[in-house]
Every structure is written in structure tokens, then in C-alpha cells.
Amino acid sequence: MSSRAIGAPQEGADMKNKAARLGTYTNWPVQFLEPSRMAASGFYYLGRGDEVRCAFCKVEITNWVRGDDPETDHKRWAPQCPFVRNNAHDTPHDRAPPARSAAAHPQYATEAARLRTFAEWPRGLKQRPEELAEAGFFYTGQGDKTRCFCCDGGLKDWEPDDAPWQQHARWYDRCEYVLLVKGRDFVQRVMTEACVVRDADNEPHIERPAVEAEVADDRLCKICLGAEKTVCFVPCGHVVACGKCAAGVTTCPVCRGQLDKAVRMYQV
């Protein structure tokens, strides 16, 4: 019979039950955070160190310090968690990105304009200008410093394994361009993965091949004719563009009406 750390969640236990979560804190080592408070915030104890996991979104948080608030940290790292959203009394409409504001650098609103800034991009870096421009970045001309045309967020000191979209979402999770093109679920996933503690020596790197599916013609973006239509223009209501193309227009290409905002659509 295999041993199990006292207080660790039992196999098959329903951790969505508060009492079950509370029962995992038998050997909880953090004296300044009450187990009842942790359980009430959706977390159960994993039985190692001070690592906890949400029973609903699976985000894992560790390295708690005095002054930390489990509910606040839960909302910060996993804003789309269903448990967090229910506690906050969010409505389904909150899934839509905020009303579109003016881009910080409108001259770089198109991918082509951003790509042109990478003429002197350092050749030794793994990140290609094409993928950086696609992720919303333009090159500042200094070292490896890049900046988002929309949120004005800057990134530098790129590591070989840094993926532009993931880094953009991780450090600037409220960027309207990221939310419009990639969606809140992508941002949620990136933020969750960023705060999950992994043992680099024991956990293999898993690459999931990208799956490209042909999109029916009637679902294609009418601007680039390559990606799927995912954005609804407000107030006209036309659905004709993908996130990347929508970020670069201020009038609807169908009715030529002025746009108040562009909202990413979700399949339910």
C-alpha cells in the first residue's frame, strides 16, 4: 500500500466541496493564513510545502508571505476561474473585452507597419520579427527592446524559449489587442501556467503540435481571407473580421460606420 502525506487530498475526493478542501490542511505549515480562509477561497492543500491548488480552475500557488490574501491572489492569477467569478457575482457579459480605447501607437496598428520596424533586429535572437509583429510588438531600435502598439507594454531581454504571445499575455494580461486576438481563455491559461510550480528536472517538456483546420469560406475574415471571423463590431453588429484585422481598423468595412469597440465572440 503506497504512503500518502497526511492532509493531502485523497484520491477521488470532491475538492469542490469546502469541507473536503478544509480537511486537506491537517499539516498546513503557514500559521498566518488560516486553513478555513484558504478553503473558502477555493484552495485545497497539496501536502507539500505551502502549495495549494484551486479545485475549480486548477491554478496552483505557493511561496505565501505575510500579508498575502488568498482571495485577492486567486483573482489576480486566475480571473476567469468560475469560482472567482461566482463569488464576484460576474455576469456573462463580463466575458467580453472592455470597450476599445485608442491604441498607444496607432501608427503601428497594422502588422505590416510593425514588421517594418524590425529591419535592424539582432540576428542572433531566436524570436523572429514576423512572430513579434504578429503578437503586437514593434522594435524600438534599442538592443532587443520591443513595445506593444496597443497597451504600450515593453519587453526586453528575450530568452531563447520566450514565445511572444505568451510573454505578452503574461506581463500585460489586460492588453486589448491580446484579448481581442487570443481571447481571455488564452490569457487565463498563460497566467495559470506561470504560477504553477514545476520541478524542471522531473517534468518533461511537452510540445503539442498545432492543429490547422480548414475554415469554411463563410467563416473567413473578409479582410485577410485567412483567419476565422471572431470579432463583432459595435454598434453596427457586423461580424466580418478576425482579431488581428479588427485591431487595425476604426470603421466597419461593410457599412463604413464608425466603431465604438470590437468584441471577441465566444462559442458556447
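For all residues, glycine too, the Cβ spot is worked out from N, Cα and C.
Feature annotations, courtesy of Swiss-Prot:
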BINDING   C148, C151, H168, C175  Zn(2+) binding site
REPEAT    18-84  repeat 'BIR 1'
REPEAT    111-178  repeat 'BIR 2'
ZN_FING   221-256  zinc finger
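Here the features listed in Swiss-Prot are placed on the structure.
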| residue | record | DSSP (3 states) |
| --- | --- | --- |
| C148 | Zn(2+) binding site | strand |
| H168 | Zn(2+) binding site | helix |
| C175 | Zn(2+) binding site | coil |
Counting only residues 6 or more past its boundaries, what in the same chain has a CB within less than 8 Å of a CB in the zinc finger (221-256)?
103, 109-111, 134, 136, 150, 176-177, 180-183, 215, 262-265
Summary of DSSP states over the repeat 'BIR 1' (18-84), given as helix, strand and coil counts:
22 helix, 8 strand, 37 coil
Secondary structure tally of the zinc finger (221-256) (DSSP, helix then strand then coil):
4 helix, 7 strand, 25 coil
Cβ distance under 8 Å to H168 (Zn(2+) binding site), same chain, sequence separation 6 or more: which residues?
A135, G136, F137, C148, G153, L155, C175, V178
Only counting partners 6 or more residues apart, tell me which same-chain residues put their Cβ under 8 Å from the Cβ of C151 (Zn(2+) binding site).
A104, Y172, R174, C175, E176, Y177, V178
Specify the count of other C-beta atoms within 10 Å of the C-beta of C175 (Zn(2+) binding site).
23
Quick check: which same-chain residues outside C148, C151, H168, C175 lie with their CB within 8 A of the centre of the Zn(2+) site CB atoms?
G136, C150, D152, G153, Y172, Y177, V178
